[in-house]
Amino acid sequence: MRGRGSRDTGTQSAAFASRPVRTTVDMQAQRAPLMEVKRNLELSTTLVKSSSRLPLPGSRLKRGPDQMEDGLEPAKKRTRGMGTVTKVDTSRPRGPPLSAVSTAAQKGPRKTGPRGCSAVGPGNASTAPAVAGKKPGKRPAWDLKGQLCDLHEELKQYREKTQTLDRENQGLREQLREVQEQATTLGTERNTLEEELASVRRRAEQSQQKLETLGARVLELEECLGTKERLVQELQTERLQLQEERSTLSTQLEEREREFQASEAALSSSRAEVLCLRQKTAAQVTLLAEQGDRLYGLEMERRRLHNQLQELKGNIRVFCRVRPVLEGESTPSPGFLVFPPGPAGPSDPPTRLCLSRSDDRRSTLTRAPAAATRHDFSFDRVFPPGSKQEEVFEEISMLVQSALDGYPVCIFAYGQTGSGKTFTMEGGPRGDPQLEGLIPRAMRHLFSVAQEMSGQGWTYSFVASYVEIYNETVRDLLATGTRKGQGGDCEIRRAGPGSEELTVTNARYVPVSCEKEVEALLHLAQQNRAVARTAQNERSSRSHSVFQLQISGEHAARGLQCGAPLNLVDLAGSERLDPGLTLGPGERDRLRETQAINSSLSTLGLVIMALSNKESHVPYRNSKLTYLLQNSLGGSAKMLMFVNISPLEENVSESLNSLRFASKCTGTARCF
Ligand code: ADP
Ligand code: MG
């Protein structure tokens, strides 16, 4: 601003300097020549001086050296002129004519020689500049007129110069006014600019603060940038790793794609195969459905025929089994027990048993031994002492099938204590599969057949229970924990109001699905019996053990259900107390116990006979045993009685009792 202002001022100053200064001298131009000239000279000098002192800041009036020279020139000229006047050599003659003056003027001033007045007269305008620019030649003292002319000329020039200076002065004043106005304007502008400057400063301060803030922010951002750059570096590293991974994956993908294409090709061929196979399968499904129907029909027919066969064999059957002579036992006399072959010859399984009993009574007359009495018995099947457990089971496996077909089955082991009932039902010592009894074999057979029948759409489930009936009380042989060995408080109840199904309260009913589980249950029952044995002498042989397996079958596709119980009963020893024996106080309990056993066994016999004779009343309720088994006896139920016989002669009486009891049980078993 200042520079610009200076420039402007300079320009104005130059303009000012170039303008002519006008003064009031013009107005006084008509005054007396000599006095006026002097005054004008002083005035013009003053004006020149005053004009040089114009109060223009930065715009001092500058004048060129020639102007200054011009300003001072008149005074000098006057002084010279006056000097010249004083030094006028009056002795010299008047100046030559004008032409000579002009030549002298061209050659320079001459100290001597007159000058023609006509050459410098006021009427000759062409000579006027010569007065200002050239020093007039000295006039002789006597040439007053010429001197007057010179003075007039000089005055005229001064006047013109004064006029010029006046004009210049006026111009400068105007310029001054303009400059002042401009200065005012510039002052205003300066104020504005100062305000603006202050505003700008404030803004600058704000900007500075902002800048500082921004600087802090920049630092922060730089830190952030650093972090980001590190992150970027990490990311780039990661990116590189990923790129490598990607390339690996791409390679793998390409491989997979190739594999996939190969698989697709294989798949399309497989699809075609599948389509073909589906068609075949559909045809086979139809065929299978037809065959399933046929199979189902055949299965139903098989069941019907099987049942018919069992009924023809008799719903109540009696087998007789004679145990071998054990170590330490006396061998019976030959012919004591005879097993005549069947009607088809020696290969035919025996069904008859002949027991010869020698009579101890002697003939009263001759005192000779009486002849032995022979007792022949015929049963559905007779197993001599050498019969294996396997053979025995073969005969009853058909009944197990009946149980799966939905017919209740009851298998009893009857006989005196030690005749082999438990051996027949449960088997001999553990660990020998040959000695396994009916229960484990029947279970294995059941699970196996059930598995086979699952292929025909049948699903079977089994629930086992094992109780003993002692002195008309029921005890759970599968009791565990604190009830182990006790297992009392069991009652036979109907499963629900109006239900035919019977259940034993407080007894465990254990779902079983494999032989191992059944084996564990038999083991538990044995433990329970062993605990009881210590408390009550040989109670196991004085109680009935009833192993019950509830079989439930379902054919979901045809909405069929079947269910039946399979009962395997190890009866209490059938021996009787000798009525002739005198009983001590401790044996009275034994007598009551024996009476209870005999009562329940005879009730069983009566029930079986009533069923065999198809009597209207069957005395199930007369004993806990028949009451518990009533649903497994009679009707379409199958019953099998094993009569276990001791081979010893000393047990002949009990053997005969057993054989006679068994003979009553079925019409097919006959006593001769
Ligand atoms: P019960 O249960 O009728 O009292 P057991 O089954 O306990 O009689 O048999 C008595 C003994 O005779 C046992 O030692 C048993 O091993 C043995 N025994 C019974 N039957 C046979 C048999 N068929 N073969 C071998 N041993 C037998
Ligand atoms: Mg026994």
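Using the three backbone atoms N, Cα and C, a Cβ is placed for every residue, glycine included.
Taken from TrEMBL, the feature region 'Disordered' covers 1-24 (among others).
Annotated region 'Disordered' per TrEMBL: 48-139 (among others), in sequence order.
Taken from TrEMBL, the feature compositional bias 'Low complexity' applies to 49-59.
Residues or ranges marked as coiled coil in TrEMBL: 155-259.
What TrEMBL lists as domain 'Kinesin motor' is 315-668.
According to TrEMBL, the ATP binding site annotation covers G415, Q416, T417, G418, S419, G420, K421, T422. Of all Cβ atoms in the protein chains displayed, 32 besides its own lie within 10 Å of the Cβ of G415 (ATP binding site).
Only K421, T422 of the binding-site residues listed as T417, K421, T422 bring a Cβ under 6 Å of any atom of ligand 2; the order follows the sequence. Mean model confidence for the domain 'Kinesin motor' (315-668) is a pLDDT of 85.
Applying an 8 A CB threshold to same-chain residues 6+ apart, the list for Q416 (ATP binding site) reads G573, S574, E575, N644, S646, N651, E654, S655, N657, S658. When secondary structure is read from DSSP and collapsed to three states, G415 (ATP binding site) falls in the strand class.
Comparing local CB density within 10 A for the binding-site residues S419, T422, the maximum falls on S419. Annotated ATP site G415, Q416, T417, G418, S419, G420, K421, T422; additional same-chain residues within 8 Å of its Cβ mean position, judged by their own Cβ, are R323, A413, F423, S541, G573, N644, S646.
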